[in-house]
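Enquirer: Below are the features listed in TrEMBL for this protein:
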- A:HIS124, A:TYR128: heme binding site (BINDING)
- A:1-8: topological domain 'Cytoplasmic' (TOPO_DOM)
- A:30-162: topological domain 'Extracellular' (TOPO_DOM)
Amino acid sequence: MRAKRKQKLFVILGLVTLAAIAVGLTLYALRSNINLFFSPVQIAGGEAPVERQIRAGGMVKEGSVARDPDSLDVEFVVTDYVEDVSVRYSGILPDLFREGQGVVVVGRLQPEGWLRADQVLAKHDENYMPPEVAQALEEAGYSPEDYQAQAAEVAERLDAED
Amino acid sequence: MWAFIHKLGSPKWFYAISERLMPWFWVAAVALILIGGVWGLAFAPADYQQGNSFRIIYVHVPAAFLAQSIFVAMAAAGFVFMVWKIKLADMAAAVMAPLGAGMTFVALFSGAVWGVPTWGTWWQWDARLTSMLILFFLYVGVIALRGAFASRDSASRAASVLAMVGVINIPIIKYSVEWWYTLHQPATFSVTSRPAMPMEMWLPLLLMVLGFYSFFIAVTLMRTRSEILRRESSKRWVRELVGEGP
């Protein structure tokens with residue numbers, strides 16, 4: 001009885017391990033398809049297909065948002081602080097859209113290297129804070145966006161050090 | 001130690017001990033969810049960017065936590081049932097599945113509702129969202145397998161195997177936001193690291209998470225008790241208990 005239990009235990013562990021390996025290899029093989037978006041570095045490196053619907057993600061570059069006063073047309077630059085992709089969009093932007101904010105842009109990459117967007121999605125990070133804290137940060141000379149950019153820089157530096 | 005574990009595996013003993021434990025978990029669940037809910041939804045500060053839509057976090061995060069924890073608990077119970085043939089473990093696994101599926105649905109639905117005002121979309125085929133949807137389908141699969149066999153023993157074994165293999169999805173859900181580019185932000189709530197939000201936002205969330213766990217334990221005890229009565233209805237102690245004894 002005891003030997004039978006042990007055998008059963010090994011069969012189960014073996015089954016789960018094999019399944020885990022299979023799933024792991026599948027996910028590894030599909031890793032580029034699982035990423036929701038291309039980063040500007042990947043787009044600049046020619047990894048993204050041209051004139052097919054893709055998603056590009058990154059931060060809205062500070063000072064890059066230019067709105068057309070007569071229409072909903074807007075132009076901005078998405079950056080990952082290494083490469084930039086300029087985006088043209090006509091439509092309503094999400095409430096969280098602002099400079100320094102993470103965005104995911106759905107659209108077609110043009111041969112000239114800019115992106116014609118059909119949809120703009122805003123990302124937000126996990127650092128929630130009350131408006132007073134954000135205001136206090138601002139009065140101390142940081143904007144919440146600065147604070148986020150700093151956090152992103154620190155994270156990048158830490159990643160680079162690894 | 002072993003004597004205690006063997007006792008724990010006895011439905012009769014479990015029925016007696018759970019009767020004493022259950023009220024405490026119900027009280028804890030109601031108190032924590034009430035306090036955490038009112039605090040989080042009415043008194044905690046709004047987020048500087050998202051405003052009041054941020055408050056969905058007080059339902060979304062606890063539900064997502066439970067959805068994953070229940071699956072792990074169900075798989076662990078399935079493992080105990082498969083290796084040591086403890087029927088009580090299988091009863092517990094059987095009653096956990098619908099609650100887990102419900103929590104997964106709440107997490108997905110509250111996430112979609114939250115996505116509209118913040119991200120600007122209900123749904124994206126993002127790694128975190130998709131792996132959570134797969135978790136929901138796994139729950140549905142486990143529930144369906146239990147109903148698909150004529151013999152309860154085959155059904156229990158099939159459901160246990162699916163639960164144990166499906167547990168592979170849990171680390172994928174957890175690390176999806178780190179392994180791949182996703183729309184979903186990284187984890188908000190971690191017991192081990194510094195909270196990513198100030199105390200007056202974080203404490204109600206902690207209460208809600210603890211309250212949801214108490215709710216899960218209370219419901220599981222309650223439903224396992226009725227499952228014991230159902231499956232052991234021919235046993236003498238059950239017949240005596242319900243007043244059909246000799």
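Even glycines carry a Cβ here, placed using N, Cα and C.
What TrEMBL says about a protein is an automatic prediction, not a curated fact.
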Enquirer: What same-chain residues lie close to the topological domain 'Cytoplasmic' (A:1-8): Cβ under 8 Å, and 6 or more beyond its ends?
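Expert: Residues packing against the topological domain 'Cytoplasmic' (A:1-8) from afar: none.
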Enquirer: When you tally the Cβ atoms that lie within 10 Å of each candidate's Cβ, which of the binding-site residues (A:HIS124, A:TYR128) has the highest tally?
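Expert: Output for this query is A:TYR128.
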Enquirer: Given the model, what does the mean pLDDT over the topological domain 'Cytoplasmic' (A:1-8) come out as?
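Expert: Mean pLDDT for the topological domain 'Cytoplasmic' (A:1-8): 78.
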Enquirer: Check A:HIS124 (heme binding site) against DSSP and tell me helix, strand or coil, would you?
Expert: coil
